[in-house]
Structures are given as C-alpha cells and as structure tokens.
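Trainee: Look at Swiss-Prot and you will find GLN87, GLY105, GLU106, GLY107, LYS108, THR109, ASP512 tagged as ATP binding site, backed by sequence analysis. As annotated by Swiss-Prot, region 'Disordered' applies to 870-897. Annotation comment: Swiss-Prot describes CYS891, CYS893, CYS902, HIS903 as Zn(2+) binding site, evidence class sequence analysis.
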Amino acid sequence: MFGKLLTKVFGSRNDRTLKAFGKVVNKINGFEEEYGQLSDEELKAKTKVFRERLEAGETLDDVLPEAFATVREASKRVFEMRHFDVQLIGGMILDSNRIAEMRTGEGKTLTATLPAYLNGLTGKGVHVITVNDYLAGRDAENNRPLFEFLGLSVGINVAGLGQVEKKAAYDADITYGTNNEFGFDYLRDNMAFSPAERVQRPLHYALIDEVDSILIDEARTPLIISGAAEDSSELYTKINTLIPNLIQQEKEDTEEEIGEGDYSIDEKAKQVHMTERGQEKVEVLLTERGMLAEGDSLYSAANISLLHHVNAALRAHTLFEKDVDYIVQDNEVIIVDEHTGRTMPGRRWSEGLHQAVEAKEGVHIQNENQTLASITFQNFFRQYEKLAGMTGTADTEAFEFQHIYGLDTVVVPTNRPMVRQDNPDLVYLTAEEKYAAIVKDIVGCRERGQPVLVGTVSIEQSELLHSLLKKEKIPHEILNAKFHEREADIVAQAGRTGAVTVATNMAGRGTDIVLGGNWNMEIEALANPTDEQRAKIKADWQIRHDEVVDAGGLHILGTERHESRRIDNQLRGRSGRQGDAGSSRFYLSMEDSLMRIFASDRVSSMMKKLGMEEGEAIEHPWVSRAIENAQRKVEARNFDIRKQLLEFDDVANDQRQVVYAQRNELMDAESIKDTITNIQTDVINELMDQYIPPQSVEELWDVAGLEQRLQQEYTMVLPIQEWLDKEDDLHEETLRERIVDTWINAYKAKEEMVGEQVLRQFEKAVMLQTLDGLWKEHLSAMDHLRQGIHLRGYAQKNPKQEYKRESFELFQQMLESLKHDVISILSKVQVQAQSDVEEMEERRRQEDAKIRRDYQHAAAEAIVGAEESAALAATQPQVREGEKVGRNDPCPCGSGKKYKQCHGKLS
C-alpha cells in the first residue's frame, strides 16, 4: 500500500528514468533546425569533430546530444525517416548499459543506429548482435548507407566466412552478426597458435537485438567447440532395438501396489526412470543378444557405459518427439528451438542423446564429440565492457536481467497509443473441441475480411491445423521449420484482407506485419518500377489497408499457452503495431501440456464448480489467473536451472580466464625462454623433494629412483650415486644445484646445435599444444565431476562447495602436469631443423581442420535432478579393464609417483 502511494507521489523508477532522458531529448531537438541547414559535407564532417573531442578527453555523454542529432538528420536524408522522440530515449537507454523494452513496430532497428554510431566513434568496435544470419545481413545492409554517409565502416560476421573476411568484419567500426558466431570466434581465438590467427579485438560494446531470446532462452545452452571422439554407432543401433519391448508404467509405485510397467516418465522434469522390473527385462534382452554376460548386472562398474546407452535410447524414445523437438531432413536429425520454432542445424544434444535419436529415426549416426573449448553465453557477454539490449518483451524477466547481468530494464512508451484488444483465454475440456472452435473463429475472420495469424507451439500442431483448414477448404499459408524458405514473403503478406497464416512461435521473426500487405516488397519485386507503378501499388495498398482496419486489424490466435508468458506476449505483439487496430485470443484445452502438467487439478475443479459441459468453453478471470500462476512456476524453475548453470560455470570461467590469459601471453611473447627455464627449475626441485626429501638423512634418499625417473622421462643420464660416492661434501642443496646446472647446460647444448630461433619457436609450439591437450582433458574431467556432484548431497555435503574444491584440485593437477609434460617433451624430442617445427605446425593445422563446431544442447538438466544420467557420467571415468592398481603401487601413467598421490587422487 505504502509502495503504491510513494509511486503515485514520486513516480516509478521507470518514470524517473524516462523523465531524465526527456530533458536530453529537448537538447537534441534544439539542434534539429541548425543541423537541417548544414550541407551533406558539413554533416559528414561532424564525425571527425566528435572523434577529436573524444581524443581530447570529452566523454560519450558530452557528445551524445549532438551525435544523436547528427544521426537523426543523416537518417532524414539517407532513409527519408526521422527518429521519433521515443526512439531517441531508446537510444539513450541502450547507451547507458540498460535494456530497452520497445513494442513491435516501434522501430528498434532504426533506434539501434543511435548508440551504434555514438559508440562507433571510439574506434574500439561495436557488435550489433541478432538471432540469425538473415537478420544480421538484412540489418547491416539496410543501415550501411547511413553509417557510411557518416564515415563509419560496417562489417557482417556470419557463418562460413574465411579468416581474412572475419578479420575485416571485426576491424570495422560497427559489426553485425549472430550471438553464435561472436561466441565461436571468441573460443577459436583462444585456440589460435599465432596472433595473426586471431580475429577479434577486445570486447567493447555489445548491442543485442531480441535480448531476451539470447541472454535468457539461450542461456541454458553452452557454446562448445568439439572434436570427434570414438565411433560407437553400432552399439546405439543395437540398444535402439531393445526399447520398443519396454512398457510405460501408468501409476507411480506405492507401498501397497507395485506398478506393471518397465519405466516411468516425469513430464515436469523431462526425465524417464527405469523401474526394477524394467531393469531386469533389459538385462535379459542384453544377455540374449550377447551384450551382457550371464548373471551380470547392468549397474556393475564394468557395464556403466552400456547403462548410459540404454538410458539415452530410453530418453530418445519417450521424451523426444519428431516434429516437436526435432525434424528429420537430408538423413539428419535437426533440433527445433522450443522458443522460436526455428531449426538449429549444427546444434546437437549431449551425452549420447543425439546419437540415440539418430538410431531411433534410422538415419546416419554421427560420432560422439569431445569438448575442446566451451563457454556459456552468460559468461561470454559479461566480458563486454558495455552491454545493452532491446526487445519487445523484457519486463517479465527484468529481475533476471538485473540479477545475472546487472542490467536494468526500462519500458519505452509507444509513439502512438496501443489500441489492440486482448481477449480473455477460452478453455475447453478436449483438444478436439479447442481446434473446432479455432477453425470456427478463423472462418468468422475470413468472412469479415480480417487477417489472422495463428501461433502454434510445435510443427506437429501447425500441420494438424493445416489439415483441418484444408478440409474446410480455407486458403492459408503455413510457416514452420519445414517451410521456412519463404518466411519473409509469407510474413510480409500476412496482413492482407482475409489472409490466414499458421506459424510456429513468432519470436524473432524480424519482419513487421503491415496491415493490407507490405507495399515496399511489391515495389522491390519489380525490376525497374516507374513512378506510375509505385503510385498505383501504394494506392491499391491504401484501399486494402483501410478495409483491414475496418475489419478490426490483425487478429492473433494462440492455439496453446507457452511455458513462458514472454513468448505469448511476443505473439500478441505482432498485432497493434504503431497504434494499428488489432485483437488477440488464446484457445486452450485441458489436454495441453502446460495445463496437464502444471495446472490440471485446480483448473479442472474450477470447471466442475462452474458446471462446464462438453463443447462449452470457459472464460473466467480465475482460470486466467491459474494459468498465469502455472507459467510463473515454469519460469521460476527455468530461472533456477539457468542460475545453477551459471554458478557452476562461474567456477570453470575463473579457470578459463586464467588459461586463456596465459595462452595469449605465450602467443604474444617473442620468446618464452625464461618461462621454460623457470619450469625446468620447478620440475627438478619437485623431483628432488620427492626422492631426496629436504633436510633428511642420506639413508632416506632414493637415488636409484631419481636416476631412473630422470632417464625415463627426461632422457637425462646423470651418475648421481657416483657423485655422492666420490664427493663427501656433496649434500642435498649442492646436489640440487649441480643437477639444475647440468640439465640447463645440456639444454643449452641442444640450443647451439639446433639454433636459438628454431628452439624458441619449438618451445612455444610445444607449450601451446600441451596446454591445449591438458585443457581438453580438464574440461572432460570437469564435465564428469559436475554431472555427478549432486550425489554429494546424500553425504550431507554442499554440492556447490564440493564442486569448487574438487575442480580447484583438478586445475592444480593440470598445471602440474603441464610443467612436467612440457619439460619431458623438450628433453626427449630431437629437433633437427626449422622443417621439423613446420611439420609439427602442419600436423596441428590438419587436426584443427577436422574439428567441427557443435552446440551442446540443454546440458543444464544434468545439474538439476538428472539422477541417473548424472550418476552414470560421474562414475564413467572409473571403469577399468585388467588388474586393479594398488594404492601404493607405481601409477600406470609413468610419472613415478605412487598411484594414491597421482591419478589415484581422482578415484
């Protein structure tokens, strides 16, 4: 109550922000008349003046009013479009590390030109980030004339560009591209072997379009560069044949009654679990096929990999649906983005799930992958010095933007009042009744000439509706992941009189639906349109536009509520752009997944109380509230998943920053001779401490062990025992100095023989390749650790603290291994000439060429509640073949340490 009263008196935080920016808008408007009288050359010269002022010590805020006024005037001349005052406010929000919520049709693309130009003046680079290559290319080409008029260069960063083209794109003042490409380039730069191979400059300013899609929907998906691991396609095919023999259990087991099924599904958590009966049945089937020894258990340590394959196949068959979660195209399984309905070529599910789905669909099974480098979008974007974003729907996620990224959300008022009519939801008992009502609504709209956009949550739904409309002989266009080639054309004409367009989630489509159809596209379709043709097209469009407005504008029809209110708002936001007429309504049924999983009991009881009969719809605020509460529950759960993923990735991120910084230092250094000398001294001291403990008596020295280790690992044949026998005054400290001197002198002799330049180059190559190899193994170990860490909760330990502690131990072990491996290689390898180093480099390049880029999709579920798969992944490294190694035996890795002090630490 008091909060509302204070807001009434002082205004909300949003109002106060808008008021402050409103004062700057008045300053910008004050320059309009003066700048309107400048010649083109005088206006272009402003860029040089602003840059000189910035170099002289002025800030971007100092030049902002004049810079924005310059862009507005240039836009009037180049595009014949003038920035509205609300767009100027949007530009200021984006320049001040905030998120601007701007409704559809309010000109986000034009708004972005203001902060992009202002920050482009610094010469440090501006990255304008969109969700797909089409939008990146379109926005770059559309805005290029404006930026080039003002003397700024524009680059496009999309998939498939070569290194030279990428470097040129990044060197431009303003670079348009997709989040995937910027992220991949960051990882690739940190796998480069020379400064010349890097393409990115330091990350300065990122301006993200559809920011909620990239920073929230994509946040559960780590970005991964991977290389192919071993081929196990035959095993996936064999395991796939078992699953159709299993039966789903309808009810959960209770103390009184044990169910009949082989597996149970938890739809909420998207998990499937084998029952005891199912486990026994699978063991029998595996034994019959000769894949499991008679009497052996699927859960024994030696069969963990087999259990992992069975679980992956079970998930593929029970949780992942064709034309909902993925499509099959050109003998490949392609994931469909649940948020946008777009296909995501090149993106693959992790933990063998993608291979299991490929086996289920009978397509070519690709090899499993090994992670070479990875980062989450959250940690990638947090590295930018300045970060801002814009979207039509950010307010529902404002808390997450602030909590994770430190970005405030400001809602920008519309240029014209919103007049769209949002009707309450209609809820039916069955899906059949719901679809009958939807078709009836579409028929009504067509009769009065009102265009309809029908939003579905899956390809399967859009095709069901397609068949129903065909049956009723209603002409319509369908837009989903299978028919996306004509996307821009279909969306552009979706506002024509009586048009019916069925589309999967419309998020991020990027093309405005103009009432009466898009006349610009009609003109562009003509080769050389005359003025008469242009005038006729525009006049015809005006008639159609008025007809559509009289019919009620664009009608949005949702066939189901999405898990996120934001996606529903994005669909609604397609109508009512720039004060246009419009309406919207969602049709639901008790069989919809959201209702069935999260809201069924409460809503069903309400329906009974309200005396609902078959074929009737319910329209009541109680029901709408219950549905909204169900959506809030899902949003909260998804936020927790993203937050947990970030907390775990923050640990890896600290290590990633250390490794990448070290790598870049190595690469930029002309010589790492001093580093190698320091490592050599460290390695010798560690060996000495191990075999000749400090301040110990000679009887405790293991001289023979030290001589053997030096010879085996470092090809150093030193007569240490002979020295000790001959020289009485040789004690531990002087012996240590002699070994160091002998070692360094031997290395100097190698340098004289090979040549200093060749050896320096070789040292750098060895150091980088060894670091990359160990980092790759470390990432794999971290994955296994993370997937099983939740089990520590059963031992009354905090999984996050345990993960931090153990990952730090793994990291220390990696750094120790790096020192020993580098010195071992440099000691053993005989470099004859420059050609040897070049050959090594060439081999490395060939291996790099084989690396394929992949996404690991929905990996976060392994952290949150994936009991079985996480347990399997955690125990996988412990599978052993052959004899058991005793804790006090020498470690099989050849380090010379006891097993318990080396790789036994990980057991």
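Cβ coordinates are placed from backbone N, Cα and C, and glycine is handled just like the others.
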Trainee: Can you see whether DSSP assigns ASP512 (ATP binding site) to helix, strand or coil?
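Mentor: Its secondary structure by DSSP: coil.
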Trainee: Output, ordered by sequence, the same-chain residues six or more apart from GLY107 (ATP binding site) with a CB under 8 Å from its CB, or 'none'.
Mentor: HIS83, PHE84, GLN87
Trainee: Using the Cβ centroid of GLN87, GLY105, GLU106, GLY107, LYS108, THR109, ASP512 as the reference point for the ATP site, which residues of the same chain not in that list have Cβ within 8 Å?
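Mentor: Not counting the recorded site residues, we get MET102, THR104, LEU110, THR111.
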Trainee: Quick one, of the binding-site residues GLU106, ASP512, which Cβ has the fewest other Cβ within 10 Å?
Mentor: ASP512
Trainee: Long-range same-chain neighbours of THR109 (ATP binding site), Cβ under 8 Å, sequence gap at least 6?
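Mentor: When sequence neighbours closer than 6 are ignored, THR109 (ATP binding site) has ASP139, ASN142, ASN143, ASP209 within Cβ distance under 8 Å.
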Trainee: Cβ distance under 8 Å to GLY105 (ATP binding site), same chain, sequence separation 6 or more: which residues?
Mentor: ASP512, ARG577, GLN578, ASP580
Trainee: Taking 10 A as the limit, how many CB atoms besides its own sit near the CB of GLN87 (ATP binding site)?
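Mentor: Around the Cβ of GLN87 (ATP binding site), 27 other Cβ atoms lie within 10 Å.
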Trainee: Under 8 Å Cβ to Cβ from LYS108 (ATP binding site), same chain, six or more residues apart: give me those in sequence order, or none if nothing qualifies.
Mentor: GLY90, MET102, ASP209, MET390, GLY392
Trainee: How many Å separate the two farthest-apart Cα atoms among the ATP-binding residues GLN87, GLY105, GLU106, GLY107, LYS108, THR109, ASP512?
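Mentor: About 17 Å separates the two most distant Cα atoms.
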